[in-house]
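These notes are about the structure you will find just below.
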Amino acid sequence: SQVSFEEESQNPPAVGHWKPLMPSKGDREEPESGCQDAGGVHEPQSTEQLNVSRLRSSSVEIREKGSEFLRDELHKAQKELKLKDKECERLSKVREQLEQELEELTASLFEEAHKMVREANTKQAAAEKQLREARGKIDMLQAEVTALKTLVITSTPSSPNRELHPQLQSPSKAGFRKGHGRNKSTSSAMVSPASQNVAPEPASRECKEVDSILFAEFQAWKESPTLDKSCSFLDRIYREDVGPCLDFTKQELSELVRVAVEQNTLTIEPVVSQTVPVGKVAAEECGGPKKCALSGLPRTCKHRIMLGDSGNYYYISPSCRARITAVCNFFTYIRYIQQGLVRQDVELMFWEVMRLRREMSLAKLGFYPSEM
């Protein structure tokens, strides 16, 4: 009853006695059958053994399941560890490859930088050398121009400079005058006393007026000087001066001469031997000491030209030489302007260009100095 249940709950069970909380139906039936058979003598002992065997079987089962679970987890961890090792090995290889590529790229960049510095230093040294040579030539030309101006200024109609007019010197001084004088005719060298007393007429002064169109074209070209024929300044000069001046009878050779003049690869030298050189081009095309290669006419040729490094010489007459020289002088001056070697006022440059254009015009009309 309720009183006996309370007493049992207050008294703890004996050690080794197992009392299930909710006994199953089979458990209740087995003690009864055993009690009926054995008369209730072995009921506590059989119940305790049954409970111990159940505990052992459950603990073994739990232990097996736990060990199986741990083995599965261990296998999983080992697989993940192998994958991590492979990934680390791959990443280390990628890092080594990137480091090697970075080193190679750095080395190539340094080498390229050193190469560029060496080339820049070489070009700078060459440019400085050319600049020094050009300045030396400019200084020499300026000194010559100054000396000539001094001689010209000191010679006036009332008191002519005897260095410029050797015919006015005494015969003793004229014979020992230094320098290279031109060959004068006998009539000009022998001056009578009557002619010396006559006052010479004043020389006519040349008047100049700037053409606004030509000057505007030159100013536009001077802002950004170039050798391109597309600009209006050079296009006009090519059409009006350079083209007609280099238009010879032999059209093919004329075109080669024009290209060589533009590229500054044409060489003119005096003829020191009367023998015609043997080259790749036929002798008829090269001309000879008595035949001009550009005009094809029989002329006494004192000079010959070579186009670039071809090694072929072409004999030219004095008239053709004057025309080629006039064009070369023009290109030389505009190259000096393009390189910044001419330090003059724009108007003075313009008039120098006009003077060179006049020389080309005279040369193409057949006028040339006698010393040519």
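For all residues, glycine too, the Cβ spot is worked out from N, Cα and C.
Residues annotated as coiled coil in TrEMBL: 67-151.
For 44-58 (among others), the entry in TrEMBL reads compositional bias 'Polar residues'. The helix, strand and coil residue counts that DSSP assigns across the compositional bias 'Polar residues' (44-58) are 15 helix, 0 strand, 0 coil.
Residues annotated as compositional bias 'Polar residues' in TrEMBL: 156-172 (among others).
Residues or ranges marked as compositional bias 'Polar residues' in TrEMBL: 184-198 (among others).
Annotation comment: TrEMBL describes 65-149 as domain 'GDP/GTP exchange factor Sec2 N-terminal'.
Annotated region 'Disordered' per TrEMBL: 1-58 (among others), in sequence order.
Annotation source TrEMBL lists region 'Disordered' at 156-203 (among others).
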Mean predicted confidence [pLDDT] for the domain 'GDP/GTP exchange factor Sec2 N-terminal' (65-149): 90
Secondary structure composition of the domain 'GDP/GTP exchange factor Sec2 N-terminal' (65-149) [DSSP: H/G/I, E/B, coil]: 85 helix, 0 strand, 0 coil
